[in-house]
Amino acid sequence: MSWALEMADTFLDTMRVGPRTYADVRDEINKRGREDREAARTAVHDPERPLLRSPGLLPEIAPNASLGVAHRRTGGTVTDSPRNPVTR
């Protein structure tokens with residue numbers, strides 16, 4: 001649901017039910033937080049969305065695969081820090 005539709009729906013619900021209490025708002029925020037965390041867990045483990053997996057789960061990328069290879073953005077050598085270039 002788009003943000004505008006969701007806000008309109010929330011507004012209409014508020015008008016129907018009346019003013020909400022602090023506890024109602026707190027419960028709604030906690031509920032949305034739980035839903036967001038669950039959606040994030042599902043997205044990480046969903047095989048249909050491989051780009052959302054954490055880097056440790058991608059088999060084709062080794063942790064030190066880029067060391068000693070030309071830097072992709074600048075075309076120069078890979079550096080450990082700007083002042084300490086890696087020479088290999």
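Glycine is no exception: its Cβ is also placed from the backbone N, Cα and C atoms.
Feature annotation from Swiss-Prot assigns compositional bias 'Basic and acidic residues' to 33-51.
Under the heading compositional bias 'Polar residues', Swiss-Prot lists 76-88.
The feature region 'Active domain' is assigned by Swiss-Prot to 2-35. Non-local neighbours of the region 'Active domain' (2-35) in the same chain are absent; no residue 6+ outside the stretch has a CB under 8 Å from one of its CB atoms.
For 33-88, the entry in Swiss-Prot reads region 'Disordered'.
The Cβ of TYR22 (site 'Binding to TAP1 subunit') has 7 other Cβ atoms within 10 Å, all protein chains considered. The site 'Binding to TAP1 subunit' annotation in Swiss-Prot covers TYR22, and the record cites similarity to another entry as its basis.
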Summary of DSSP states over the region 'Active domain' (2-35), given as helix, strand and coil counts: 29 helix, 0 strand, 5 coil
